[in-house]
Amino acid sequence: MLCWGYWSLGQPGISTNLQGIVAEPQVCGFISDRSVKEVACGGNHSVFLLEDGEVYTCGLNTKGQLGHEREGNKPEQIGALADQHIIHVACGESHSLALSDQGQLFSWGAGSDGQLGLMTTEDSVAVPRLIQKLNQQTILQVSCGNWHCLALAADGQFFTWGKNSHGQLGLGKEFPSQASPQRVRSLEGIPLAQVAAGGAHSFALSLSGAVFGWGMNNAGQLGLSDEKDRESPCHVKLLRTQKVVYISCGEEHTAVLTKSGGVFTFGAGSCGQLGHDSMNDEVNPRRVLELMGSEVTQIACGRQHTLAFVPSSGLIYAFGCGVRGQLGTGHTRNVKCPSPVKGYWAAHSGQLSARADRFKYHIVKQIFSGGDQTFVLCSKYENSSPAVDFRTMNQAHYTSLINDETIAVWRKKLLEHNNANTINGVVQILSSAACWNGSFLEKKIDEHFKTSPKIPGIDLNSTRVLFEKLMNSQHSMILEQILNSFESCLIPQLSSSPPDVEAMRIYLILPEFPLLQDSKYYITLTIPLAMAILRLDTNPSKVLDNWWSQICPKYFMKLVNLYKGAALYLLRGRKTFLIPVLFNNYITAALRLLEKLYKVNLKVKHVEYDTFYIPEISSLVDIQEDYLMWFLHQAGMKSRPSIIQDAVTLCSYPFIFDAQAKTKMLQTDAELQMQVAVNGANLQNVCMLLTLEPLLARSPFLVLHVRRNNLVGDALRELSIHSDIDLKKPLKDIYLSFATSLLDDLNV
């Protein structure tokens, strides 16, 4: 392991100058016989995680941030963590975190701002303690700012705690600092791949490359085109199409890595840490042009400097503040363009075997940086392994996915330990919209990175295949847990205002669950899903319409048939509902969902219009009575509100009527319109008599005056001079000699 930068108390095995500065890479001798997995750097302390899970620390210990009693000179193991197998570590300014392989999180060090998450604001905690509030969660990933912390759980829940002076906790306005982990609900449903903290700002990255930033923004470090702080996560829209796969934060600047190996930076640039050949701040993400010819696979930010690793050459490039030797270039001055770190570097695939000096070359495995320090895990040529590629996401570190491998693990656990803890762990994942939303991404040509209001970025075929496998009897226990999770947690908790389009994939996934087609679950699954869809705010509702427009006709047909079946089931069992209002709510949800689908189909013609017909309606519903109720409701009549206002009228949804039902409805309408016209004329006549104006009386019948020798012409003339209301009246008399026979022929 190599290191360089600033150590106020020195470091064993390293030669520093009087100021504690190491300006070029040197070997860390104290760890030569141990395999280091990870390094975390705080303000003035460092944490080393070994492959065997042991944790060592060194540096300042004024707040107990080392987790043991000694300070500085020699890295010491944290004895309190000896019984734990630690898999990840993180550092703030003067506090530290350690994550165990069981998903438990331990903290120690400065705690005056609540950054330890221990529900206390003790000035210092010298021995690692378990964060009890997260004990029911399986934590996968953590990150520390100067005085705040972020943690991502397996079920996609995201927690923050600590100082909130600039909104860096993402909890909204007027929230004080938090001494215990708090859920960031504004990102729920989004499958998160990474969380990253800067000095007083924070980021979250989704599996499909959506970047969300919040907190301090004095230098534009959030990339939101301004310098205003944010108290809640905000979408960095300028990065949406860049396929971002990794984020690293400095104290007041941010760097992101794209899948193609590009690097964008933004925020404070006063020391050149953005690499744009200037000392200016940037409020918008800007590509580092000097690195455009290279494919970068790793980035790391220190307090005011940035590193980028290019595997093709084996070189590490550094830029930014160098006054404490943190760039490793051999000098102590700032650099505003990417410059190679001093040393003998070689690519993993480089041809060194024939060179006599091959043993002095280092092959990079992984870079770490924080504060004013940098560490590099590397190997010699003879036993080198490929460098870690930050663009390849490790599934163990992000929101859990539901796939064949996960199902197999769950099945084994349930067979071996069918206890409450095992079941709760499974239910936690199955109840998470975020886990489902990230599980079936369309990975062909990175299609899911294009997720937008018009593209869902999801592979519905893989969704269908997984659900079909789960219907197999060998998965009966898991199927039962899925059913319970959907009924009691997932569907009831779906938000009416999803934070991002990635959180909306669940509305396409759930209809593929075969049990939604089973009438036994119409009331507990199918109808509640319809209600959740109908609760969506205007914009997300339009997004779902757009996605329905893009899906294949077969899927759309399944949706239509699903809710036709639910509506028919409800109509057939209408009399079995003891509480009428429940029936009204259920049938309204099914019909309104069908109406939403019908409107989409009008634009894209996925299916024929008669696909929406429910032929059984004529035999299940009195069309005349239903139409009358609809007519009275439309007329605004309030005489019987309990019936008129609350009753569901199928005539409000005419697209479900076949020809027979529509004929009956039109006949009823004609009779009703005729009666209304007659009653209107009679009422007017009574009013005229009361006002002594009988000459203005109107006939309640339609009277046509025609001549025998011009029957058609006179009939057309007479019809043209009558109003629409008159034409609705019954035909009574025609004053011609043959009127009687004609009326008989017309059955009038």
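Every residue gets a Cβ built from N, Cα and C, even glycine.
Please treat TrEMBL annotations as automatic predictions, because they have not gone through curation.
Annotation source TrEMBL lists repeat 'RCC1' at 1-52, 53-102, 103-155, 156-208, 209-260, 261-312, 314-380. Taken from TrEMBL, the feature domain 'RCC1-like' applies to 2-349.
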TODO: Helix, strand, coil: count each for the residues of the repeat 'RCC1' (53-102), based on DSSP.
DONE: 3 helix, 19 strand, 28 coil
Task: Predicted model, mean pLDDT over the repeat 'RCC1' (314-380) - done: 90
Task: Helix, strand and coil totals (DSSP H, G, I; E, B; other) for the repeat 'RCC1' (156-208) - done: 3 helix, 23 strand, 27 coil
